[in-house]
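A.B. asks: Take a look at the following structure, please.
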Amino acid sequence: APECGERASGKRCPNGKCCSQWGYCGTTDNYCGQGCQSQCDYWRCGRDFGGRLCEEDMCCSKYGWCGYSDDHCEDGCQSQCD
């Protein structure tokens, strides 16, 4: 049964996870990408997203994406860079 969104009476996912077009919670592009119903910016951060910090202490890259790679945590990193 759907966990969130229209098919679940508008319920939101826990821990800021995205609600997919099919009503399931997750954090990958399948949930947060096209058709996402709510909390679709889970992987987004930084100045273009109201200064939002990443979940789980991930780094915020210069392009506003959350992750743990050197591309996220080094040159131009916006927050939680160490």
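Any Cβ shown, glycine's included, is placed from N, Cα and C.
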A.B. asks: Tell me, from C45, C66, C73, which cysteine Swiss-Prot puts in a disulphide with C59.
C.D. replies: C73
A.B. asks: Disulfide-wise, see what Swiss-Prot says C25 is paired with, picking from C13, C18, C32, C36.
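C.D. replies: Answer per the record: C13.
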A.B. asks: Under a criterion of Cβ-Cβ distance under 8 Å and sequence separation of at least 6, what residues of the same chain contact C81 (disulfide bond)?
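C.D. replies: Listed in sequence order: C59, C60, C73, E74.
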A.B. asks: If I take the alpha carbons of C25 (disulfide bond) and W43 (carbohydrate binding site), what is the distance between them in whole Å?
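C.D. replies: Taking the Cα atoms only, C25 (disulfide bond) lies 14 Å from W43 (carbohydrate binding site).
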A.B. asks: May I ask for the distance between C18 (disulfide bond) and H72 (carbohydrate binding site), taken between their Cα atoms and rounded to an integer number of Å?
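C.D. replies: Given the Cα positions, C18 (disulfide bond) is 21 Å from H72 (carbohydrate binding site).
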A.B. asks: Where else in the chain does the domain 'Chitin-binding type-1 2' (43-82) make close Cβ contacts, counting only residues six or more beyond its ends and a cut-off under 8 Å?
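C.D. replies: That would be 15-16, 27, 32.
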